[in-house]
Amino acid sequence: MSVNAKKLPITHFFLVAFLCLAFGEEVKSPGKYPLVVSTWPFLEAVRAAWRTVDSGLSAMDAIVEGCSACEELRCDGTVGPGGSPDENGETTIDAMIMNGVTMEVGAVAAMRYVSDGIKAARLVMLHTKHTMLVGEQASVFAISMGLPGPTNLSSEESIDKWIKWKENKCQPNFRKNVLPVDGCGPYRAKNTVNLVENICTNSNWLDCGKLWSSHVSPHNHDTISMAVIDKLGHISVGTSTNGATFKIPGRVGDGPIAGSSAYADTEVGACGATGDGDIMMRFLPCYQVVESMRLGMEPKRAAEDAISRIARKYPDFVGAIFAVNKNGVHAGACHGWTFQYSVRSPRMEDVTVYTIVPEIPTH
């Protein structure tokens with residue numbers, strides 16, 4: 001299928017954006033480096049990353065600048081502070097950064113009181129021998145390394161959303177096999193005898209997958225996942241999110257998990273993912289994509305293969321992937337929703353947005 005593009009309305013004459021219908025089509029990048037690819041039409045984030053990498057700084061620096069821009073702008077209310085309250089009404093941050101040259105990873109998860117997720121993740125990489133810090137101790141570390149805090153990450157909008165959810169008897173939520181079914185708790189486990197009836201086997205797996213489908217949309221469960229190739233051909237990836245709306249406190253999604261939300265290897269390429277992280281992290285789709293490309297798959301086929309592996313087990317899941325190889329060829333695949341990813345390369349006047357329509361029918 002062909003790739004079409006058209007100009008979008010803009011307010012500044014020097015900023016031009018394109019909308020492309022890609023339908024999973026591979027797109028080659030003639031002027032390969034530098035290159036920035038990101039989930040969703042987070043244009044300002046991509047522009048911030050592009051300015052950084054085009055000036056000659058590293059892919060790592062560009063990832064931090066791009067994801068930080070999204071955190072500051074509170075992209076879609078799902079990145080940075082002020083969105084996605086948990087069951088207690090609190091907003092927390094998950095973030096990850098990965099160096100595709102050294103394979104180093106820094107991550108924070110369920111981080112409280114500090115809004116700079118991607119910067120905190122990089123501090124974990126730079127100043128510890130660990131890969132991930134979590135919860136309030138991640139906040140203590142980040143503040144000790146110079147990031148602002150502690151601060152309340154909730155906003156008037158997030159608290160209002162949480163109050164309305166409480167008024168709706170805490171529905172929908174992420175609990176299962178608990179009582180009360182239609183209330184706000186305190187929750188207790190159902191009788192274990194009854195749980196035996198819900199055991200999933202090979203014969204009823206698809207029905208279980210439908211039962212476990214969650215309440216996911218781009219506005220309540222989303223991630224910025226970004227890949228950058230710098231002028232030296234070095235690749236880095238990063239992610240930032242405030243997680244799933246009304247999640248159980250303490251929940252960690254796929255955002256800070258290397259191989260799930262993002263993965264990079266400069267010898268091969270990179271991947272970014274978004275969607276139902278609780279399901280997607282069980283399959284490490286971005287690790288799968290990069291390893292498939294290492295074995296010779298083109299980005300389009302690698303992305304489709306990773307998505308189809310999840311869809312076979314969870315036909316109602318919602319998620320998407322972009323893949324880019326070390327030569328700058330990029331593609332996307334999705335299931336359960338229409339997905340958009342953004343690209344900036346030397347041959348583009350500004351950011352180009354590609355729209356991917358799921359090839360597998362939604363349920």
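Cβ from N, Cα, C; glycine included.
Copied over from TrEMBL, here are the features:
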ACT_SITE  THR223  active site, nucleophile
BINDING   ARG251, VAL252, GLY253, ASP254, THR274, GLY275, ASP276, GLY277  substrate binding site
SIGNAL    1-24  signal peptide
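Features as recorded by TrEMBL, highlighted on the structure.
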residue: THR223; record: active site, nucleophile; contacts (Cβ under 8 Å, 6+ apart): THR39, THR78, VAL79, THR239, SER240, THR241, GLY253, ASP254, GLY255, SER261, ALA273, THR274, GLY277
residue: ARG251; record: substrate binding site; contacts (Cβ under 8 Å, 6+ apart): ASP86, ALA110, PHE174, GLY243, ALA244, ASP278
residue: VAL252; record: substrate binding site; contacts (Cβ under 8 Å, 6+ apart): ASP94, ALA109, ALA110, VAL134
Quick one: largest C-alpha distance among ARG251, VAL252, GLY253, ASP254, THR274, GLY275, ASP276, GLY277, binding substrate per the record, in angstrom? 17
One residue among the binding-site residues ASP254, ASP276 has the fewest other C-beta atoms within 10 A of its C-beta, namely ASP276
Cβ-based isolation winner (fewest other Cβ atoms within 10 Å) among the binding-site residues GLY253, GLY275, GLY277: GLY253
